[in-house]
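Peer 1: I have a structure I would like to understand better, so I am pasting it below and will then ask my questions one at a time.
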Number of protein chains: 4
Amino acid sequence: MSAADLEKPVPEAADAPVRELSQTFRPVSAGMEAHLNVYHPVLDHGFIAVKDYMGDDLSILQMARMSYGKGTKGLNDDRALLRYLMRHFHTSPFEGCVIKLHVKLPIFVMRQWVRHRTASLNEYSARYSIMPDEFYMPDASQLAVQSKDNKQGRGDTLTPDDSAEVLRILKEEALRNFATYHHLLNADEDGQTIDEGRDGIARELARIGLPLSTYTQMYWQTNLHNLMHFLRLRADPHAQFEIRIFAEKILDIMADWVPVTTEAFRDYQLEASRLSRMDLALVKDMLAGKATLADAGSYGLSKREARELAERLGISA
Amino acid sequence: MSAADLEKPVPEAADAPVRELSQTFRPVSAGMEAHLNVYHPVLDHGFIAVKDYMGDDLSILQMARMSYGKGTKGLNDDRALLRYLMRHFHTSPFEGCVIKLHVKLPIFVMRQWVRHRTASLNEYSARYSIMPDEFYMPDASQLAVQSKDNKQGRGDTLTPDDSAEVLRILKEEALRNFATYHHLLNADEDGQTIDEGRDGIARELARIGLPLSTYTQMYWQTNLHNLMHFLRLRADPHAQFEIRIFAEKILDIMADWVPVTTEAFRDYQLEASRLSRMDLALVKDMLAGKATLADAGSYGLSKREARELAERLGISA
Amino acid sequence: MSAADLEKPVPEAADAPVRELSQTFRPVSAGMEAHLNVYHPVLDHGFIAVKDYMGDDLSILQMARMSYGKGTKGLNDDRALLRYLMRHFHTSPFEGCVIKLHVKLPIFVMRQWVRHRTASLNEYSARYSIMPDEFYMPDASQLAVQSKDNKQGRGDTLTPDDSAEVLRILKEEALRNFATYHHLLNADEDGQTIDEGRDGIARELARIGLPLSTYTQMYWQTNLHNLMHFLRLRADPHAQFEIRIFAEKILDIMADWVPVTTEAFRDYQLEASRLSRMDLALVKDMLAGKATLADAGSYGLSKREARELAERLGISA
Amino acid sequence: MSAADLEKPVPEAADAPVRELSQTFRPVSAGMEAHLNVYHPVLDHGFIAVKDYMGDDLSILQMARMSYGKGTKGLNDDRALLRYLMRHFHTSPFEGCVIKLHVKLPIFVMRQWVRHRTASLNEYSARYSIMPDEFYMPDASQLAVQSKDNKQGRGDTLTPDDSAEVLRILKEEALRNFATYHHLLNADEDGQTIDEGRDGIARELARIGLPLSTYTQMYWQTNLHNLMHFLRLRADPHAQFEIRIFAEKILDIMADWVPVTTEAFRDYQLEASRLSRMDLALVKDMLAGKATLADAGSYGLSKREARELAERLGISA
């Protein structure tokens, strides 16, 4: 990166990446180099771009092997050792890999994202600068009624007519909010005064009427251990669609960065399943032919737990 | 606290506190007990209430004295030892005190608050529940133009006429946003369906059009060391007024909780001043009669630094 | 706690607890009150004592219910809600409970303990004060050869003769190290000069020859969420015996403090079992009668994984 | 790094660095590249080597500028902006730089080092592997009596005769401890059995008699913000010599990595000085000719504070 790059406007997803090649003695992940400064579009105006990273699959192994010293006979196989670390929750070596992302996202998504505390972040400041006129409009395919089963989720999708009406309302409202924002600031998006005859109010005040759908930006940096925790929660079907789609993009990037780790992460965490003490007792007896799922209650499972266990085991309850 | 208390509606600032007396072998701060479950109003609809706490001035000393063992002759004086700890940034003993607050605050304030990562928090969920129709309207005395000097602050207050107009606009806009919210949900504040003939959209979607001035709630818990860090940043004149007023209320509560610590905090941190290497060299020579503030440039101070030093030293630059 | 308490010597496990009753408006756990300032002996010279705590089962629920707002119909049952939180890893409400312990433990155990970073601690300082002449001698029942299977564990117990010999050697060595320590300090355990005719060296230097078995002390404080993480790792059979016995004592204390949480913790975490993607696929087909454990390899399980799955399912491999 | 590198023994300070050149699109610090995999000796057997890093002076600015958006006119000057960030404790951008070190250090130094919790670390495991026969012997120039003024420090250096005697004792003791260690393990440094006719005890037990001077190793990784916090405490004259010398080496490395940041760090933090509320009031009046240092008491300064202020201001008290 040269100083000149810094003066350029914030890049957009559509821009060609600013990429300058240098030499380094550091570990390099070829798959990740291909992502550097590439702005991947997410949602209608958002993006994700890798700005920097540290480490690769081999550097995770290097940390682990230092720790085990000469006591690691039988762990010469790289893939086997990485899977062993993942399976046994030996998390420290994964902390040795770090990723720094530039993300543009709606404020209501940002509010979920910042709940992950073990990360560094720097957000665009609406006290220093005027917020660009950009807000999130869901795709019609994402507009759905409240779920009946899931207190925090979506159910059936709206009819095309209802969707169109919802989007019309949301858009009209957001446009009016931004128009008011500029009127209160008495400044346009570029900071030019609109009406020389009157004062605008301070930026930190004018923004309080902007909607939660307004786009903001951040640099977000975390280590691979905490990234996997983020992905377990946010690439999960229970996560809100608008953050899940960011998480899924990051999971794709991770697969290019640390492919062996990502495979192990899927096998031992993302697609693994935890059986409670009661689940386990029931499954044991089912395998021994001593019980069926119908006995779940007497093993201490609630109806909901029995239903969820049946789903995980591919049994019709 | 009894189970029955949990079923009561979330208390409001105006309510009498729910307080039940118990016996304990734990350290008790009489000043803090008086705050428990008392809802202090902040801003137009917000509040702060202490829900729980741990530790007092003496428990800080107890931790410190264990650490010093028998090597603490001369530190028998409690107040002197507390001030010594504060002055020398011996921070661990302060971590032994913890405070849990229930706070109701506008979302734009919440967004600043969560940047303090070393804390536990639980926020009201707009995915699970409908947001109450409450939004922040600044007091006319707080409506000001953008500061010319301070990129992130306020300058002169608006005229009464301009204030009234700004408030009228902000209020009208927020009311319209909330009306739209309920229309999209097809549900009123109590969750009752408005029009049986049509579907509403999911709560997690309908809320994206709500303004940043919308009130939310959280339980927020941190230890005294991190609380002081929060207060250094947020009780500072550069903090935005709407978070500063919460910070000042917390500082008042802290003074009742740990009075000796609070006094030391003011003397050695809040009202202390850091002199840079260059500031210090200049002040030394000023005291020795070898320089005046006019020489600041040759000591490496920028004009801004010289101006700020002059202010701190009560010298007209 | 009164100021007078602070001047007393550090209490020992054998002492009667210093307990003073006060009144409080805070949540109180009767089970935990019974532990306050009671010094529980652990290992030969160690102890654990609860010095302070915050929160109980009900206060966890209170945090959770605020978050769900009115969207919690069907979660009126306290026990069911607590179990739901535990099962779905809704961790924030558990952070609202805090425990502060006074622990005396060998340095090699301390070195494992401090790896848990999300905690506050204050340790006895060997720079300020002279280390007491106390070191850990294992019980003969704990003296074992290196495990063949487990790179980091113990195998068969030694014969009584071999044990006696090992203990004799360890004790002789430690006594000599402490004698040297006092000789280098030229001071006895109470800090009295031994030989007026010569200088001792600084405490921070003299201690470098003390063995890792030397006892130290700390105040250690963490929240319930992080405590459970500590217990998952340290109350596990793979943990070294000398830290596991501390963890088991803490688990006992936790059961008195937050009994409903502890039961859920056992059911959904401590005694739960995670099945990998491959484990799950195999178990599904075993239940459907399409596979047996002998097919594990073709499902991608390593021999070790197959063996461990067999153990968990109570099947002879 | 290639897989082959991982099978090599842990490098020693005396070895030529293992360095392989690759291409990267990441920010590169030329000064830091020169340190990669170079093992710098510290103390008698210790070392520090940079294994990986992320970011440089410019990437700090890039993060800051994204945050300020278009509101950063007047901050085009890179050096001025970096100094502004340091001076105003805008710490987030510094978190964007990360360093990963391989450190070999005595256990008593490690015990101070791990108190810095916001870092990732992986240590050599004495449960998995046999500890090498290496222990720290202070240089004679570092052997000193206990300080009279400073409860936790060193005073006058010993006479050559006394030094020689202390070193002889420390060395003899450590050698005996290591001999006992191998006897108890019944294994030499390479893990070869010494006496086929008897059992050794488990590694996790045999090591409890090793001295605190024993060398261990770790990978330690932290971001630049937390590194500066580490350096403020550990490169300070009050830090124990044996950790300070590591900190000073890291400060040298930091100056090559992020030179502009390091200069600002020295000016605004390391060599800056904090004046308390009382200090400041006194200095103001001294500059105005209304007071002298003799009046310190009436401004609320203790005698010790007055003495320390005099030192900082270059005034004989």
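The backbone N, Cα and C atoms fix where each Cβ goes, glycine too.
The following feature annotations were taken from TrEMBL:
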- B:Ser92, B:Arg115, B:His116, B:Arg117, B:Glu123, B:Asn223, B:Leu224, B:His225, B:His229: FAD binding site (BINDING)
- B:Gln112, B:Trp113, B:Val114, B:Arg115, B:Glu123, B:Tyr124, B:Ser125, B:Ala126, B:Arg127, B:Arg207, B:Arg234: dUMP binding site (BINDING)
- B:Arg234: active site, involved in ionization of N3 of dUMP, leading to its activation (ACT_SITE)
Peer 1: State, in Å as a whole number, the widest CA to CA span among the dUMP-binding residues B:Gln112, B:Trp113, B:Val114, B:Arg115, B:Glu123, B:Tyr124, B:Ser125, B:Ala126, B:Arg127, B:Arg207, B:Arg234 given in the record.
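Peer 2: Roughly 29 Å, rounded to the nearest whole number.
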Peer 1: Cβ distance under 8 Å to B:Leu224 (FAD binding site), same chain, sequence separation 6 or more: which residues?
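Peer 2: Non-local contacts for B:Leu224 (FAD binding site): B:Gly55, B:Ile60, B:Phe94, B:Glu95, B:Gly96, B:Cys97, B:Val98, B:Ile99, B:Met254, B:Val258, B:Thr261.
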Peer 1: Sort the binding-site residues B:Ser92, B:Glu123, B:His229 by C-alpha distance from B:Val114 (dUMP binding site) and give me just the closest.
Peer 2: B:Glu123
Peer 1: B:Ser125 (dUMP binding site) to B:Ser92 (FAD binding site): how many Å between their Cα atoms?
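Peer 2: Roughly 34 Å, rounded to the nearest whole number.
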Peer 1: What is the maximum Cα to Cα distance, in Å and rounded to a whole number, among the residues B:Ser92, B:Arg115, B:His116, B:Arg117, B:Glu123, B:Asn223, B:Leu224, B:His225, B:His229 annotated as binding FAD?
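Peer 2: About 28 Å separates the two most distant Cα atoms.
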Peer 1: Taking the Cβ of B:Val114 (dUMP binding site) as centre, how many other Cβ atoms lie within 10 Å?
Peer 2: 18
Peer 1: Give me the non-local Cβ neighbours of B:His229 (FAD binding site): same chain, 6+ apart in sequence, Cβ-Cβ under 8 Å, ordered along the sequence.
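Peer 2: Spatial neighbours, sequence-distant, of B:His229 (FAD binding site): B:His116.
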Peer 1: These are the binding-site residues: B:His116, B:Arg127, B:Arg234. Which one scores highest on other Cβ atoms within 10 Å?
Peer 2: B:Arg234
Peer 1: Quick one: of B:Gln112, B:Val114, B:His116, B:Arg127, which binding-site residues have a CB closer than 8 A to some CB in chain A?
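Peer 2: Going by the Cβ criterion (under 8 Å to chain A), the qualifying binding-site residues are B:Val114, B:Arg127.
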Peer 1: What is the total of other Cβ atoms whose distance to the Cβ of B:Ser92 (FAD binding site) is within 10 Å?
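Peer 2: Neighbour count, Cβ to Cβ under the 10 Å cut-off: 20.
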Peer 1: Long-range neighbours only, meaning 6 or more apart in sequence with Cβ under 8 Å: which ones does B:Gln112 (dUMP binding site) have?
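Peer 2: Same-chain residues close to B:Gln112 (dUMP binding site) (Cβ under 8 Å, separated by 6 or more) are B:Arg234, B:Gln240, B:Ile243.
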Peer 1: Which of these binding-site residues, B:Ser92, B:His116, B:His229, are close to chain C by Cβ (under 8 Å)?
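Peer 2: The binding-site residues close to chain C are B:Ser92.
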Peer 1: Would you mind reading off the Cα separation of B:Ser92 (FAD binding site) from B:Arg127 (dUMP binding site), to the nearest angstrom?
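Peer 2: Their Cα atoms are separated by 38 Å.
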Peer 1: According to DSSP, folded down to helix, strand and coil, what is B:Glu123 (FAD binding site)?
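Peer 2: It is in a strand.
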Peer 1: Ten-angstrom check, please: count other Cβ atoms within 10 Å of the Cβ of B:Ser125 (dUMP binding site), all chains counted.
Peer 2: 19
Peer 1: Are there any residues at least 6 positions away along the chain from B:Glu123 (FAD binding site) with a Cβ closer than 8 Å to its Cβ? List them or say none.
Peer 2: B:Met110, B:Thr216, B:Gln217, B:Met218
Peer 1: For B:His116 (FAD binding site), what is the secondary structure by DSSP, using just helix, strand and coil?
Peer 2: coil
